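First the structure, in the form of structure tokens, and then the observations on it.
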Amino acid sequence: MLLTVLAGIPLTISVTAVALVIGTIGSLPLLFGILSGNRLVWLIARGIIDLCRGIPIVVWMFILFYGVTIGGTKLSAFGAAVLGLGIVSAAYLAEIFRGAISSVAAGQYEAARALGMTPRAVWGDIVGPQAWRVAIPGYTTYGIGLLKDSSIASTIGVAEMVFRSNSYARTTGEGITVFLVAAAIYVIVSVPVGVLSRKADEKLSAVVAR
Amino acid sequence: MTFFTDAAAFLPVLLNGLQVSAILTLLSLLFGLPLAGVLAFGIMSKNRVARLIAIAIVEVGRGAPALVLLQLMYFGLPDVGITLSALASATVALTWTTAAYCAEYLRGGLSAVPAGEIEGSQALGMTTADTLRYIIIPQGWRIALPSLMGFAVILFQATSLAYTVTVQEMMSQAYSLGASTFKYLTVFVLAGLLYAVISIPATWLSVLLEKRMARHL
Amino acid sequence: MIENPQDRLPGRREVVRVRNLAKSFGENTVLSDVNLTVLEGTVTAMIGPSGAGKSTVLRCMNLLERPDSGTIEIDGHVIDAERRFSNRELFALRRSAGMVFQHFNLFPHMTVLRNVSLPQQRVLGRSKGEADERAMALLTRMGLADKGEQYPNRCSGGQQQRIAIARALALDPKVMLFDEPTSALDPEVGLEVLEVMKELAASGMTMIVVTHEMSFARSVSEDLIVMADGGIIEQGDPKRIMAEPSHPRTQEFLRAVLQR
């Protein structure tokens, strides 16, 4: 039984990883869009982000899996799953990155520009590295969230952990243990991250509150 | 324009499902939020046992995917002699998720109240209970409110997973419409737009609220 | 040189007694063997370089900071840091001392009036009507009669600090503790706070003021305490200490601040 669940881990991980890559790449044009000074570009990027986040992941997957044919062929379940997760991730990640960039103090841009640095250097050497450091916790948390969301791929037949647990429960008629095991695996992965972020939060608030 | 004629035919059925989605969302918030308050104080409690229990409930609720909790409640609980209706088991599962996430938001809000104000209250000779009641809770709750609203949107979207445990919400209606008409694209796009029409303005509202709060506090 | 204020200002009751106060944070000793006495109706100023432990002494006096050892007595309420004490004793001590912080620490979610009246209701059990009346009277005395319905963040720093003073006074404390009340304010705004403090001193309030305002220390206070490195190095007549400090650290400190 345990093996049944564990056998789903490789697909759980690959769905998560591929979706994270798609989401990260997809977030970049959206990020430029919402940082743009051009109102039209901003509006379009804003609209895409809102729409991507406004539709539940399972709906995206169903649209892609059941509704979309490219050149007469349907997307595979895996393809629909990672694309669906990737679309939603791109929108969330763009927001995470935007938040990080806007957290870099305006004085940093001014100082860099006053030193005569090119825009490329301002972003690449000054703002980018600082923003990235700010974005890491949010990015990590989102990655763990994505691992959990990858379970939704089971609804279109990707044989990851939850799918296997579900079929085990259906064939044997015994559901409680297998789902507890599956839950435990997800919890084991996410607890260290939760504890770490709480620790970091406490440290930060201890510094800030004083 | 077959999309629009089909959509017009599908819409009433989907709206019926949407009602169930909304009911499931509200029930989960109704039970989940008070529980979240209790858990938030549990996490901050000086009592080790209370703290560990609260942390365990929160970590499992946040760590396990909502989909797994849904299936656990619906397919798993009957094994130990507890059989709930589809809606009841979905409510239990999503209440757990709600309580766990919102407990963290509330804890974050409560601990964001500046230490100086707590000292100010202590220096006035106010009791710990009064400091909590008049200084920490009113402000902590307001600080947490935008996150709680943001979560409510995510919860509403997560109710779409309840179709896997046969709750007759919007996704399940969409799926059966799709299966009987083979117009999957139309029906799922329509369902997606209905989710978006509610989620997007609700998200704007929570962002607006956050900005207003930032100005006043 | 450490003078007992009783020698210079005889016949006054000792309203604050701190004995053998010690406090360390981990390895870092912040206070060691601090003793001080404050007489009723006098203003005691505490000066010294930053990190000397002035604020910590003040914060230990109402147990915002728990001392490692020593006793604190305010208006007959005694707490021995090494013994267990009840919440009742703790609150009794805190109620006898009003505290004013460097950063005001007003409650931002309440109106100015509520800031001043709520503690009266909760701590002294006054009725809302009674508390509001007293709050208005104090705000009027502070020149803030028209600010009652505003929120603190809409008030200037000087106004906020005067509200904080009113909030503390409303509980009828025996002693007022001021922890660098003007340090977060622009110099001219600080003046309006110092005016209020002078008026309070003239009315006979017992005050302990941690400050960097040398002219306030010289002209308003009747007793001056100089701290350095977690201890009191000099205590006595402010004018005498300012004119001819006896401890080399005091000389060094006064030279640094007065020559600026």
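A Cβ is built for glycine as well, from the same backbone N, Cα and C atoms used for every other residue.
Taken from TrEMBL, the feature domain 'ABC transmembrane type-1' applies to A:9-197.
Residues of the same chain lying 6 or more positions beyond the ends of the transmembrane segment (A:43-68) and with a Cβ under 8 Å from any Cβ of it are 29-30, 32-34, 36, 74-75, 77, 79-81, 83-85, 87-88, 90-92, 94-95, 149, 152-153, 155-156. As annotated by TrEMBL, transmembrane segment applies to A:43-68 (among others).
Summarising the annotation, TrEMBL assigns transmembrane segment to A:75-94 (among others). Cβ atoms under 8 Å from those of the transmembrane segment (A:75-94) belong to residues 11, 15-16, 18-28, 30-31, 33-34, 45, 48-50, 52-53, 55, 57, 60-61, 63-65, 68, 139, 142, 146, 149-150, 152-153, 156-158 of the same chain, restricted to positions at least 6 beyond its ends.
Long-range contacts of the transmembrane segment (A:176-196) within its own chain (CB-CB distance under 8 A, at least 6 residues past either end) are made by residues 1-2, 4-6, 9, 140-141, 144, 147-148, 151, 161-162, 165, 168-169. Annotated transmembrane segment per TrEMBL: A:176-196 (among others), in sequence order.
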